[in-house]
Amino acid sequence: MRVEPRRAKSPTTPNGSLGRASGRKTNGQLAKMNTNVELLRRNISHETSTSEGATANLIARESFSLDDPVPKTPTVNNHGFFDLPKKDQRNFGLLVLLYFLQGIPLGLATGSVPFLLKNHMSYGEIGIFSLASYPYSLKLFWSPIVDAVWSPKFGRRKSWILPIQLLSGIGMLWLGSMVERMMELTGKPGGPTVWGFTGWWFFLVLMCATQDIAVDGWALTLLTPGNVSYASTAQTVGLTAGQFLSYTVFLAFHSKDFANRWFRAEPLDHGLMSLGGYLSFAGWAYIVVTIGLALLKREEKTKNEDGIWDVYKIMWGVLKLKNIQTIILVHLIAKIGFQANDGVTGLKLLDKGFGTENMALTVLIDFPFEIGLGYYAGKWSQEYTPMRLWCWGFAGRLAAAVLAQLTVSVFPAGAGGVPIWYLLAVIAQHVFSTFTNTIMFVAVAAFHARIADPVIGGTYMTLLATVCNLGGTFPRFFVLRMVDAFTTATCFPPDNSQSTTATTITTPFSCAVQADKERCLAGGGVCEMQRDGYHIVNILCVLIGVVTFVLFIRPKVLQLQALPLRAWRLSSPPSSGKY
């Protein structure tokens, strides 16, 4: 592989390197799934649906030449999907497939697996596992490399997509053969460490994040310039479908209760699908698609428009702006108030006996509400100033965290299963929480689009989105560990006069973490909780959210929103002289 030389371009052209690779943001009409991670979704049409962006894409194509007559400036088409050229329809399908593949490991790592780990790990250990999602929030830092380093033999995007997907497929095949045993033994004597188990999922998410950078860039040349806005639709459809399959559908079919209720005449002690079998199927799907992509799809040659260091210099220039530093600080602390609700409430419901099949049903019912209510969030973001709407969503999300704690507190502790009224209460709480999340997501995306310098729009937008996503991921590790730290539970020996089984528990000991709880139950003891750390941590998070919102966040974001656009512009170009 080699670094292609940079081709100079006009200062009035939007940034072509990082902007194409990772500068999109999902529009307000469709919101992301609530998979406990803030995924970096971007809208290609933000900077490429203009005539200038379409012209830049046309110039980058292999077939363009200044020796030919000057073509007419491409314009954005308003065609329906079935009115698109057949080639664009086929390429749209390819993009959906590639984004769908990304969603499979992401849906597992950020949705299903943490729920399954609750039966084997403590909250603190699940907090360590949450670090596996970090690459998707930090891919900004290596996206210029993916965009500029490639082999002409394979093509600019296939040079990365082919090996990345092949490594992902092999990794999932290996993990699929080992994951069930690893989950049972992780953190136990003689078993793998939590960090080792997390490392494999970190690798898969890292591969997904790198593939996403390459697919984002390829999308701009796969589709004709006037139809390039369909790339964001392909990302939304593909990524959401992959996450939905790996999160909602997999959780349901993995649940033995769901399988016994709907598919079996005689109950069994396992679901219809195991995590290992699902990973193996996904691994083979990755490999088959990669082979087909290598043999059947030819990539049109393109040229670099920015060098690697040019993009890093632009990012550094943006970071030195005082107003950017302020909004970065806001993004890093704004989501602390919701972390216990977003990261622990679902796990606590499972811990109390809510059941994975009921959790899957909750997410399944919530999904159409999220999309439908996301339409209104997008509409409101146009009628009201973005950050004022964001503040409304912030307050609503704090209220949702309090409502979630009340829902957990009234869990019916009975042997007759989850009553219908409680299931409806959890669904209503979940819908309200994700709706307020969607309002904040759409509003801040609109604000970022408003303040971003169009000359360096891709770099600017992606930098802001990366910091916003990081604010939703880095606190989770600490919040989950605090739940264990504040929890108090004691294992008591059973009453021998009433016990009918042998016991190895003779003296009381702490059973606050999962490993000690399992040792207590295996020895015939009774683990009684005196203090639930979830309630303490959630209250602390909400209090921090309220105080920071009233004293700092709300005044600052409204002040920043009132600034003129020149306050968000670089005062002088980067030292390279290229934008």
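For all residues, glycine too, the Cβ spot is worked out from N, Cα and C.
Because TrEMBL annotations are produced automatically, they should be read as predictions rather than curated entries.
TrEMBL annotations:
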- 1-30: region 'Disordered' (REGION)
- 92-115: transmembrane segment (TRANSMEM)
- 121-138: transmembrane segment (TRANSMEM)
- 159-179: transmembrane segment (TRANSMEM)
- 199-224: transmembrane segment (TRANSMEM)
- 236-255: transmembrane segment (TRANSMEM)
- 275-296: transmembrane segment (TRANSMEM)
- 389-408: transmembrane segment (TRANSMEM)
- 420-447: transmembrane segment (TRANSMEM)
- 459-478: transmembrane segment (TRANSMEM)
- 533-553: transmembrane segment (TRANSMEM)
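As a quick check, the transmembrane segment (275-296) and the transmembrane segment (92-115) clear the bar of 3 or more Cβ pairs under 8 A, pairs 6 or more apart, so the two touch. Counting Cβ pairs under 8 Å to the transmembrane segment (236-255), the stretch among 92-115, 159-179, 199-224 with the most such contacts is 92-115. Under the criterion of 3 or more C-beta pairs below 8 Å, with sequence separation of 6 or more, the transmembrane segment (92-115) and the transmembrane segment (199-224) qualify as touching. With respect to Cβ pairs under 8 Å, the transmembrane segment (533-553) is most closely packed against 389-408, considering the stretches 159-179, 389-408, 420-447, 459-478.
Note on the transmembrane segment (159-179): residues 1, 98, 101, 105, 146, 150-151, 200, 203-204, 207-208, 210-211, 213-215, 218, 275-280, 282-287, 289-290, 293-294 of its chain, located 6 or more positions outside it, place their CB under 8 angstroms from a CB of the stretch.
Within the chain, the transmembrane segment (121-138) has long-range Cβ neighbours (under 8 A, six or more residues past its boundaries) at 36-40, 106, 109-110, 113-114, 186-187, 194-195, 197-198, 201-202, 204-206, 208-209, 212, 343-344, 347, 466, 469-470, 472-474, 476-481, 483-485, 487, 513-515, 533.
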